[in-house]
Amino acid sequence: MAFRRRNKSYPFFSQEFLIQNHADIVFSLVIFILIGLMFEATAKTAILFIQPQYNVTTLSPEGEVTLYHYGWKDCATILFYFFIAIILHAVVQEYLLDKVNRRLHLSKSKNTKFNESGQLCVFHLVSSVWSFYILITEGYLLHPSSLWENYPHVHLRFQVKFFYLTQLAYWLHALPELYFQKVRKEEISRQLQYICLYLLHIAAAYLLNLSRVGLVLFFLQYVSELGFHIARLLYFTDENHQKMFDLWAVSFVFTRMATLTLMFLAVGFGLARAENQGLDLEMGNFNTVLIRMTVLLLVCLTQSWLLWKFIRFQLRRWREFRHEQAVRKKAATKQPLRPLKRDSLGHHENGVLKAENGASPRTKKLKSP
């Protein structure tokens, strides 16, 4: 199964060979793990990579319900879906983005940003719809107090645990993709910043048993980022499409305010009034003053940093717009309209000299040399 067109063959174990064939190599590893399910001796090991572990069956009014908690075996599951994310990345790049790039004929810098926005647009769309579905089915939106009541939320439903595992796998896969996609050095630091921030926040919400609050925050963040990347894709196709950036600006500010409000409501007030205060690793309770203040400080610093970048982006857009308007105004004043000169015999009409009576004057014949 080939994901890339091979314009040139490279020697085995070379850097170019790895970059060109990394999706095929990872696909072979996935097939190898799936084949392990067919044999009894390797089925128990292979299932660790595919299915989430640490399931517990409990009784509820609805009957028996299977819930999950986290442990070190989750690393194997994250590794498997890390491979799946690399394969899906290559599929989207080969069969969607590369075809669009050939028609747009973008520059190298714009091409890199177009590929980045295309990949993230697909991911944010899937993640926002998925997280919204979980919030609706679990009833977290209809009962906001459930975000902090009965903490710690150690036991998770399958869809919640699987959501967090796939989120960690995706953002971990983004690190080697910087190498596979040959991202420029100027862009690596910027992409590393938001990749590490996503990994830090997702891991903190998962390990500190703040999964319910994290789901709402991730939904808000992914919807906002989806609007930005759609606006950037439209801008690359046609630079006159600027209105989507204005809509994204409104949603961005709303997301920052909603994130800070929800964090102070859930962590600052909700968990502070809970009865089970104290650190208990066996019970998964991290409801202490130090941890709560650390979480709030982390979120506040992140939102402040995002707002600072947003303000700088808007100021740069405003300066570019003002400069463009000044250049257009200066060009208009330097090229005034020239008045049409009337001839004594007639006037000009549609580029042809007309006499006063409407007849065209006779042209004089030039003498041949």
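Glycine residues also receive a Cβ, built from the backbone N, Cα and C atoms like all the rest.
Because TrEMBL annotations are produced automatically, they should be read as predictions rather than curated entries.
Residues annotated as transmembrane segment in TrEMBL: 21-39, 78-97, 118-142, 162-180, 192-209, 215-235, 247-269, 289-308. As annotated by TrEMBL, domain 'TLC' applies to 112-321. What TrEMBL lists as region 'Disordered' is 330-369. Sequence annotations record features per position, and here TrEMBL assigns compositional bias 'Basic and acidic residues' to 340-351.
Most Cβ pairs under 8 A with the transmembrane segment (192-209) among the ranges 215-235, 247-269, 289-308 are made by 289-308. Looking at 78-97, 118-142, 162-180, 215-235, 247-269, the range that has the most CB pairs within less than 8 A of the transmembrane segment (289-308) turns out to be 247-269. Remote same-chain partners of the transmembrane segment (162-180), defined as residues 6 or more beyond its termini with a Cβ less than 8 Å from a stretch Cβ, comprise 19, 22, 52, 74, 77-82, 84-86, 89, 123, 127, 130-131, 134, 156, 188, 191-192, 195, 198-199, 202-203, 205-206, 211, 214-215, 218. Panel annotation: around the transmembrane segment (118-142), residues 89, 92-93, 96-97, 100, 157, 159-160, 163, 167, 170, 212, 215-216, 218-219, 222-223, 225-226, 229-230, 233 of the same chain, lying at least six beyond its termini, place a Cβ under 8 Å from a Cβ of the stretch. Same-chain residues lying 6+ beyond the ends of the transmembrane segment (78-97) with a Cβ under 8 Å from its Cβ atoms: 3-4, 22-23, 26-27, 29-30, 33, 49-50, 114-115, 118-119, 122, 165-166, 168-170, 172-173, 176-177, 180.
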